[in-house]
Amino acid sequence: MKNIKANKVVLVGDGAVGSSYAFAMVAQGVADEFVIVDIAVDKVKGDVLDLNHGMPYGESPSIIKAGSYEDCSDADLVVITAGAPQKPGETRLDLVEKNTKIFKSIVGQIMDSGFDGIFLIAANPVDVLTYVTKKVSGLPKERVIGSGTILDTARFKYELGAEFGIAPESVNASIIGEHGDSELAVWSQTSIAGQNLYDILKSNPEKEKRIEEIFLNTRDAAYDIIQAKGATYYGIAMGLLHISKAILRNQNLVLTVSSYLEGEYGNEDVYIGVPTLVNRAGAVKIYETSLNEKETKEFNHSVEVLKDITKSVDKLFQ
């Protein structure tokens with residue numbers, strides 16, 4: 001009988017986001033082998049032992065272990081959550097220089113192992129650090145993916161679902177652009193249980209005043225959570241789980257991940273959150289959502305915000 005290749009995932013970064021992602025992956029048994037790498041070796045040992053103790057009660061992978069960058073040599077997916085954390089009052093883009101230096105080191109060591117799989121990046125500012133990862137790794141754009149606006153989209157669906165009294169799964173809505181202050185809601189394509197939002201507002205004008213508030217709640221959610229408890233991690237961990245399943249199980253899902261534009265939306269040479277087909281080969285196709293004039297202007301502004309930052313990143317490579 002022909003051997004079936006096991007799915008191997010390496011997580012780099014065992015902080016709050018990383019350990020939450022590890023728990024979600026192990027609980028759902030998404031990987032056959034799950035390896036955790038972090039400079040805090042005692043923390044990793046503790047988490048590995050803790051996760052292994054839960055194996056009898058979950059759909060766990062057959063192997064959960066502490067490892068090193070050498071373990072990336074035959075990994076299908078490397079997920080990087082490592083990096084300096086976002087502090088209260090600090091924007092994601094404030095983190096650029098220090099996390100770029102961290103990523104140059106991490107990605108360089110991963111590539112030295114012989115890694116030839118897919119990168120999934122979740123450290124902030126995620127669009128910029130995904131760009132850095134592509135630049136350092138030299139891998140094709142399809143195999144370097146950022147978490148993008150997948151969490152923002154989930155927050156948006158949650159807010160809309162709560163407003164209209166339906167499950168978020170019955171909301172068709174997207175946040176695109178930078179995972180940060182310049183992101184935008186694609187209101188023109190938003191539907192609630194199959195009905196266009198604008199049509200709903202015509203018959204429910206009292207809802208109109210809530211629309212901007214819903215977007216602001218979505219955009220600023222991270223700051224609210226950080227102020228309340230210091231960091232966000234459960235939501236993004238679930239988003240990373242969703243992306244990982246799309247890759248490892250070849251699900252062909254369209255997700256608002258951070259993808260590399262090469263002319264799509266009239267822009268290029270930038271990683272940004274856009275609807276993208278994700279499967280075993282990575283981020284294989286970008287879908288150009290129809291945007292109205294206002295949304296197009298906002299998206300182009302988001303591109304410029306990110307390009308201004310990547311210009312400073314490029315200088316760090318000179």
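Cβ coordinates are placed from backbone N, Cα and C, and glycine is handled just like the others.
Record features, source Swiss-Prot:
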ACT_SITE  HIS179  active site, proton acceptor
BINDING   VAL17, ASP38, LYS43, TYR69, GLY83, ALA84, SER105, ALA122, ALA123, ASN124, SER147  NAD(+) binding site
BINDING   GLN86, ARG92, ASN124, PRO125, VAL126, ASP127, ASP152, THR153, ALA154, ARG155, THR232  substrate binding site
MOD_RES   TYR223  phosphotyrosine
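All features noted in Swiss-Prot, drawn onto the structure.
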residue : record                       : CB count, 10 Å
LYS43   : NAD(+) binding site          : 16
GLY83   : NAD(+) binding site          : 24
GLN86   : substrate binding site       : 21
SER105  : NAD(+) binding site          : 11
ALA123  : NAD(+) binding site          : 30
ASN124  : substrate binding site       : 29
ALA154  : substrate binding site       : 21
HIS179  : active site, proton acceptor : 32
TYR223  : phosphotyrosine              : 16
THR232  : substrate binding site       : 21
Among SER105, SER147, TYR223, i.e. the recorded positions, the one with its Cα nearest that of ASN124 (substrate binding site) is SER147
Among VAL17, LYS43, HIS179, i.e. the recorded positions, the one with its Cα nearest that of ALA154 (substrate binding site) is HIS179
Of the recorded positions VAL17, LYS43, GLY83, SER105, ALA123, TYR223, within 10 Å of ASP152 (substrate binding site) (CA to CA), in sequence order, we find none
Of the recorded positions VAL126, HIS179, TYR223, THR232, the one whose Cα sits nearest to the Cα of LYS43 (NAD(+) binding site) is THR232
Looking only at the binding-site residues GLN86, VAL126, THR232, SER105 (NAD(+) binding site) has its closest CA neighbour at VAL126
Among VAL17, GLN86, SER147, i.e. the binding-site residues, the one with its Cα nearest that of the residue listed as 'active site, proton acceptor' is SER147
Students should find that the Cα atoms of VAL126 (substrate binding site) and VAL17 (NAD(+) binding site) sit apart, in Å rounded to an integer, by 13
TYR223 (phosphotyrosine) sits from GLY83 (NAD(+) binding site) (Cα to Cα, rounded, in Å) at a distance of 18
Cβ neighbour count (10 Å, all chains) around ASP152 (substrate binding site) is 28
Here the binding-site residues are VAL17, ALA123, SER147, and the Cα closest to that of THR232 (substrate binding site) is found at VAL17
Excluding its own, the Cβ atoms lying within 10 Å of the Cβ of VAL17 (NAD(+) binding site) add up to 27
Listed in sequence order, the residues of the same chain lying six or more positions from SER147 (NAD(+) binding site) whose CB sits under 8 Å from its CB are LEU120, ILE121, ALA122, VAL126, HIS179, ILE236, GLY239, LEU240, ILE243, VAL257, SER258
Between the C-alpha atoms of ALA123 (NAD(+) binding site) and TYR223 (phosphotyrosine), the distance in angstrom, to the nearest integer, is 16
